[in-house]
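Per Swiss-Prot, the feature transit peptide maps to 1-13. Residues annotated as disulfide bond in Swiss-Prot: CYS38-CYS69, CYS48-CYS59. Among the features that Swiss-Prot reports, motif 'Cx9C motif 1' is placed at 38-48, with the record citing sequence analysis. Annotation comment: Swiss-Prot describes 59-69 as motif 'Cx9C motif 2'.
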Amino acid sequence: MSAQAGAAQANEDESHKYWGKAEQQFKHKPASQFFDPCQEFADRSIKCMRRNAGDRDMCTDYFQAYRDCKKAWMTQRKEASR
């Protein structure tokens, strides 16, 4: 049992080491680089594909909504960076 506890501690230490390297970068990046506001549209289109056995023709509205969202988001990001 103590060998498992030691392995768990080693895994935890290793994950903290990797997070420590990324933490500073994560905290100093704009939120948009870690959050996709169009993720809900992407999830809905995937659910539609699963519901319709992969028939893309049944999900065109979902795909278009995702493309419109992504286009608006990219336009907004470009304007914000000016």
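Including glycine, each Cβ sits where the backbone N, Cα and C put it.
By a simple count of nearby Cβ atoms, those within 10 Å, the most crowded of the disulfide-bonded residues CYS59, CYS69 is CYS59. DSSP assigns CYS48 (disulfide bond) to a helix in the three-state reduction. Summarising model confidence by region, the motif 'Cx9C motif 2' (59-69) averages a pLDDT of 96.
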